[in-house]
Amino acid sequence: MSTALGTTTPDTQHGQQTATTGGFHLPTIDAPIKPIPFSRLVRVEARKQVDTLAGRWFLIVLGLVIAVVMTIMLFVDQGDHSYGSYLAAAGVPLGIGLPVLGIMSATQEWSQRTAMTTFALVPRRGQVIWAKIVSTVLIGLGAVVATLVLGAVGRLLGDLRGAETPWGINGWMIAGLTLMLVLYVLQGLAFGLAFLNTPAAIVAYFALPTLLPLMMLVSWLRTPYEWIDLTMTTSPLTMGQALTGEQWAQLAVSVAVWIGVPMAIGVWRVLRREVK
């Protein structure tokens with residue numbers, strides 16, 4: 001084909017067809033874009049939970065609260081407590097704080113108006129949700145490890161002060177504490193996805209379970225209450241013994257109510273919500 005600039009003829013270079021125009025080779029640009037690996041998404045989501053000013057200070061305050069609790073334990077009864085008691089004491093602030101971290105992880109794109117950037121880089125929103133879930137669980141597991149270490153430090157300091165109580169720890173207690181904290185942080189993530197608003201999710205997370213015991217005032221609601229109260233169904237996990245079949249069933253029902261339902265609502269909202 002003849003043009004004013006020269007002659008354009010098909011050419012082949014490295015197995016690809018190119019155009020020759022006036023002696024210049026114009027290769028066809030065909031560079032496939034590789035999808036972002038899921039492991040990188042998990043690392044990014046985990047880093048986002050601690051890189052922000054709010055997340056960093058929240059973890060610092062949570063660590064200080066745990067340190068204060070451990071210090072109080074050392075001065076009560078001369079620190080003569082079992083290892084399990086130290087773990088339970090550290091687990092209380094973690095059980096309250098970790099769900100808030102999960103809420104912040106789920107709502108940060110929408111509260112900080114970065115959803116457009118996130119979903120432009122990763123158009124598959126489902127992958128982002130899964131990355132949030134995995135990173136939140138990993139942070140929960142990291143908190144469990146930190147609790148085990150802090151509990152051991154507290155117990156050793158108690159030994160230095162002459163503690164005589166046996167350590168009193170077994171595998172069931174560690175596994176139960178791990179599962180309980182992971183469930184709590186997933187509940188926070190589920191509420192965050194359902195509301196996509198940090199203040200609303202935090203208020204709902206703490207208010208709804210607080211109002212739930214009112215069911216005990218009605219006699220015919222007491223039995224259902226034992227099956228849907230997540231706090232009640234997770235309490236046997238820290239007793240250091242295996243759960244019965246009924247206890248596992250109660251735990252499964254409460255998890256479905258307080259984690260499964262809000263998680264399903266949240267996933268539906270994220271997948272369908274318009275990004276502005």
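Every residue gets a Cβ built from N, Cα and C, even glycine.
For 1-11, the entry in TrEMBL reads compositional bias 'Polar residues'. Look at TrEMBL and you will find 12-23 tagged as compositional bias 'Low complexity'. Residues annotated as region 'Disordered' in TrEMBL: 1-26. The transmembrane segment annotation in TrEMBL covers 57-76, 88-107, 128-152, 172-195, 202-221, 248-271.
Remote same-chain residues near the transmembrane segment (202-221) are listed as 99-100, 103, 187-188, 191, 195, 228-231, 258 (criterion: CB distance under 8 Å, separation of at least six residues from the stretch ends).
Taking Cβ pairs closer than 8 Å, the transmembrane segment (88-107) reaches residues 45, 48-49, 52, 54-55, 58-59, 62, 65-66, 69-70, 73, 132, 135-136, 139-140, 143, 147, 150-151, 154, 177, 180-181, 184-193, 195-198, 201-202, 205, 238, 266 in its own chain, all 6 or more past its ends.
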